[in-house]
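The block underneath contains the structure these notes are about, expressed in structure tokens.
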Amino acid sequence: MTRRRVVVVTGTDTGVGKTIATAALAATTAGDVVVVKPVQTGIADEPDRDVGTVQRLTGRPVEEYVALDDPLAPDTAARRQGVAIPPVSEHVERIRSLTDRHDTVLVEGAGGLLVRLDTDGGTLLDLAAALARTLPADVRLEVVVVCRAGLGTLNHTELTVGALRARGIEPAGLVIGSWPAEPGLAETCNRTDLPRVTGVPVLAVLPEGVGGMSRDEFVAAAPRWLGAEGSERSVGGHPFPAGPECA
């Protein structure tokens, strides 16, 4: 019997590959899966929303609770648009209710872990912490951190992991969201150093550009990036171009 779980996908920054990582998790996770985006911003400039990308690549059902025009933090975008947005506590309740009907609920955040999702100062970290406290005993919470491959990622990833641990949440793993076709020394060393400095395993390394694949191509390739069991295993290497050796 599949154990139910909620997997929160956060990132060290905006644009790090959370949506493609979420799609890869959705494509490789067994059972009944639903993907949730509590808050989407920037819809005026980017009509192909994150949940649309996930659905296009995987065919999994998706839910989006709030959509805002400007490509800004949700609280700022809502203020500029002059609309009220629900508090994080409301998102928590909706996500909890989904666990009654689905084996896995994948939750993609907006921006980084501490971006404000509501006008009361609630963040994705608050959402994850509330889920950790209130999910039924038979529903497991996991948090996956998507990070960059290049310079700066060690600091950004350690900060994100540290913020999670300060709230009593141990990350399930890291995903490098876009591995370049020609990695340099920084990327190669970071691939080795990320688990060393954070104490968190790298679950997957996603090659750049895979968001342009067809659904059939993406679903067929995703198990090579994440393994057969979705977010539950640690990948020791990756089948992508290697850069200069990092001694």
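A Cβ is built for glycine as well, from the same backbone N, Cα and C atoms used for every other residue.
Database features (TrEMBL):
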| type | residues | note |
| --- | --- | --- |
| ACT_SITE | Lys37 | active site |
| BINDING | Gly15, Val16, Gly17, Lys18, Thr19, Ile20, Asp50, Glu108, Gly109, Ala110, Gly111, Gly177, Ser178, Glu208 | ATP binding site |
| BINDING | Thr19, Asp50, Glu108 | Mg(2+) binding site |
| BINDING | Thr41 | substrate binding site |
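Each of the binding-site residues Thr19, Thr41 was ranked by the number of other C-beta atoms within 10 Å, and first place falls to Thr41.
Between Gly17 (ATP binding site) and Glu108 (Mg(2+) binding site), the C-alpha separation comes to 11 Å. Taking the centre of the Cβ atoms of Thr19, Asp50, Glu108 as the Mg(2+) site, the nearby residues of that chain (Cβ within 8 Å, site residues left out) are Val9, Lys18, Thr22, Ala23, Val35, Lys37, Gln40, Val51, Thr53, Val54. Between the CA atoms of Asp50 (ATP binding site) and Glu108 (Mg(2+) binding site) there is a gap of 9 Å. The Cβ neighbour count for Ser178 (ATP binding site), using a 10 Å radius over every protein chain in view, is 21. In three-state terms derived from DSSP, Asp50 (ATP binding site) belongs to a helical segment.
The Cα atom of Thr19 (ATP binding site) lies nearest to that of Glu108, taking the recorded positions Lys37, Thr41, Glu108 as the candidates. In this structure, Gly111 (ATP binding site) is part of a beta strand by DSSP.
Rounded to a whole number, the C-alpha distance linking Gly109 (ATP binding site) with the residue listed as 'substrate binding site' is 11 angstrom. In the three-state DSSP scheme, Gly15 (ATP binding site) is classed as coil.
Counted over every protein chain shown, other Cβ atoms within 10 Å are most numerous around Gly111 among the binding-site residues Gly15, Gly111. Counting Cβ atoms from all protein chains shown, Glu108 (Mg(2+) binding site) has 29 others lying within 10 Å of its own Cβ.
DSSP gives the residue listed as 'substrate binding site' a coil state; it is part of no helix or strand.
With respect to Lys37 (active site), the closest of these binding-site residues in Cα terms is Glu108, chosen from Gly15, Glu108, Gly111, Ser178.
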